[in-house]
Structure formats: C-alpha cells, structure tokens
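Pulled from TrEMBL, these are the features on record:
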type	residues	note
DOMAIN	20-199	domain 'UmuC'
BINDING	Asp24, Asp118	Mg(2+) binding site
SITE	Phe29	site 'Substrate discrimination'
ACT_SITE	Glu119	active site
Amino acid sequence: MPGAPPFPGGQAPPERIRRIVHVDMDAFFASVEQRDNPDLRGKPVAVGGSSLRGVVAAASYEARPFGVRSAMPSVRAKRLCPDLIFVKGRFEVYRAVSAQIRDIFARFTPLIEPLSLDEAYLDLTDHLEGRTATQIAREIRALIRAETGLTASAGVSYNKFLAKLASDQRKPDGMFVIPPEAGPDFVLTLPIGRFHGIGPATAAKMERHGIRTGADLRRQSLDFLAARFGKAGQYYWNISRGIDHREVRPDRERKSVGAETTFMTDIHDLDAAAEALAPLAEKVWRHAAPRGLSGRTVTLKAKYTDFQTVTRAHSLPHPVGSQSELLVHAAALLPQVLPDPRGVRLLGITLSALCPLPADGPPRQLDLFG
C-alpha cells in the first residue's frame with residue numbers, strides 16, 4: 001500500500017498509515033456443510049431448522065439469489081426457494097474450523113480481533129516483513145483454501161471501517177484494496193445502509209433528514225450529527241471522510257449482545273410492547289447465533305417519556321436456545337415495566353452472561369437447529 005500520500009478534500013493523513021485486513025469467510029456455516037457433504041455442493045442449502053418456528057442461521061450462495069438470508073423464518077425461506085435443503089447446525093465443527101483459521105492468521109500477526117466465528121480484523125502494520133498487506137492477504141486466503149477447503153474474501157485498507165467495506169466488494173472468494181488516497185472518495189457514492197455501524201433504524205432516521213449516501217452524510221456538520229445522533233455523531237462524521245481511529249483489539253471479549261429501538265409514538269399497553277419486542281429479539285439473535293454465542297441472562301430495558309430508564313433481568317439455569325425463547329423471556333418481563341401512565345418511548349433487549357451456543361441441546365433449541 002502507498003506510503004502516506006496526501007488525502008483529498010483537505011483531510012490530513014494520520015501520522016502513520018496502518019495496514020488493516022478484514023477477512024470474511026464465504027457463507028461459512030453452509031460452506032462447511034457443503035465441504036463435508038458432496039451431495040450438497042452446488043445446491044441451495046440453509047443451516048437451521050425446517051420446522052414452522054425454525055430460523056435460517058446461514059444460507060449458501062446458491063440460495064441467496066432466491067432471497068434467502070440468515071435470520072429469516074424457515075417457512076418463508078422454503079417459500080422463496082422450494083428446493084432449499086435444510087441442514088442441522090454443527091457448531092462444534094464450525095468452532096473447530098474457526099480455530100484452524102485463527103491459527104493461520106497468527107502466523108502473520110498477533111493483532112487479531114475476531115468479530116465472530118467467520119470474520120476477523122488483522123493489523124499487519126508492524127508485521128509486514130518486507131511484504132505488502134495485499135500480498136499477505138492473498139497468502140492468507142490461499143492458505144485457508146489449502147488447509148480448510150473453504151474460501152474467504154478479504155478487504156485491505158488503512159482502517160477497520162474501510163477494510164470491512166472492502167471485503168464486501170468482491171464476495172465470494174475475492175479481495176479488494178482501498179488505498180489511503182482513495183478512501184475519502186470511496187464512501188461518497190455508497191448508500192448509508194452499507195456503512196458498518198449504521199443499522200436499519202439509524203439509516204431510516206438519516207433518510208428522514210435527507211441523508212442517503214456518503215456524500216449526503218459528509219455535507220452534515222459535526223454539530224448537526226451530534227445533536228441528532230448523540231455520541232455516535234462523531235463516528236458518522238469521521239467515516240463519511242474515510243476516517244476511523246479504532247484499533248484492532250486482540251481477543252476482544254464480548255460481554256453482551258443487545259438491540260433497542262425508539263418509537264415514533266409512545267407505547268402504553270402490553271400488546272403493543274410485545275409486538276415491538278419481536279424485531280429486537282430477531283436482531284439480538286442474528287448477532288449472537290452466527291458467532292456461536294448464547295447467554296443465560298435476558299435483560300429488558302425501558303425508557304419512559306420523562307427519560308427515566310429502568311431495566312429488568314431474568315437469569316436462566318441454561319443458555320437461551322432460540323430466537324423465540326429469547327422473545328418469550330423478554331416478553332415475560334414486560335409486566336414489570338408496563339402499563340405505566342407515562343408511556344414508553346424506547347425498549348431494548350440484551351443477552352448477557354454469554355456462553356457458547358450448545359451444539360446439541362434440549363428441545364427448546366429446535367427452533368434453530370431442529
């Protein structure tokens with residue numbers, strides 16, 4: 001990668017150009033199943049349960065043109081793709097392969113930040129040994145293919161935000177480089193929904209303010225963004241300029257997985273609140289399950305119209321086994337926060353006391369794996 005060229009648009013470069021790689025395995029769970037079962041190769045495969053309450057944990061690339069995606073109800077996935085083959089998840093196998101891939105990363109740098117079983121950031125800045133980051137990323141992908149029989153996509157850039165964006169550009173089985181001189185302009189035409197760190201709810205809020213692309217976001221002042229998005233405003237201001245100072249954090253330990261939403265209209269009754277919890281449970285499970293995570297504590301957060309916030313938690317003797325079970329436990333806490341004359345303006349669900357998602361568990365897990 002080039003050494004400290006000037007940045008367009010008057011943006012001063014950082015003191016030292018970093019070399020960050022984001023590696024993302026291609027349809028990891030489904031690809032492992034296709035690798036281990038030749039009969040599945042070239043066919044649309046979903047890892048997950050096929051029951052009425054089942055949820056797709058992962059979909060092969062053959063299934064994706066039909067619209068099949070992870071966290072989708074299995075019934076809908078089957079309707080979209082009648083030939084879809086459901087396979088029970090084998091998380092003990094996925095963890096073993098993930099460890100094998102992590103060992104490959106460790107041959108090149110100790111600075112590895114796993115995001116899930118199938119993706120990680122690597123900081124190669126001080127570990128190039130005469131090579132470029134692009135050359136090392138190419139070698140890592142070749143080793144993954146040779147030693148695991150699987151393919152990986154990689155993004156190379158000078159920060160985490162752009163490296164992750166880059167890894168999405170040539171999937172599957174590809175690589176893309178965003179050099180420092182290209183970063184600030186690369187984000188201009190991208191829809192904000194593609195930006196890591198801007199979820200659907202935030203994207204919708206931005207669109208209400210006329211912010212639809214990176215260029216729209218860059219036109220906003222820091223004061224404007226901070227006033228409407230709080231502390232995250234600084235992050236949004238930075239990434240619209242290709243700036244991301246976050247460091248690669250080796251062996252980062254996730255302590256919880258959560259999601260929350262603020263309502264356009266305050267909620268006063270239990271039925272409306274219960275309905276609002278469903279997409280939150282789906283979002284939490286969508287982030288936890290692909291990482292091989294579950295948890296034993298479910299916390300419900302409620303913020304009233306006077307901005308008082310309360311939390312109520314329930315700890316279980318076993319890990320939560322499915323998205324529907326998570327929703328049941330969260331909904332069971334609702335009577336502790338509603339009804340209330342003030343009304344609720346925000347609800348959130350958090351899964352904590354994290355632990356590995358069991359590979360073979362009791363019947364409550366059939367939603368995802370049965």
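Each Cβ is built from the backbone N, Cα and C atoms, and glycine gets one as well.
Unlike curated records, TrEMBL annotations are generated automatically.
Values in this document were obtained by computation on a predicted structure and should not be read as measured data.
Feature map: annotations from TrEMBL on the structure.
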{"residue": "Asp24", "record": "Mg(2+) binding site", "DSSP (3 states)": "strand"}
{"residue": "Phe29", "record": "site 'Substrate discrimination'", "DSSP (3 states)": "helix"}
{"residue": "Asp118", "record": "Mg(2+) binding site", "DSSP (3 states)": "coil"}
Rounded to the nearest Å - Cα separation of Glu119 (active site) and Phe29 (site 'Substrate discrimination'): 12
CB within-chain contacts under 8 A for Asp118 (Mg(2+) binding site), separation at least 6: Asp24, Met25, Phe28, Phe29, Tyr94, Ser98, Pro290
Neighbour count (Cβ, 10 Å) for the residue listed as 'active site': 21
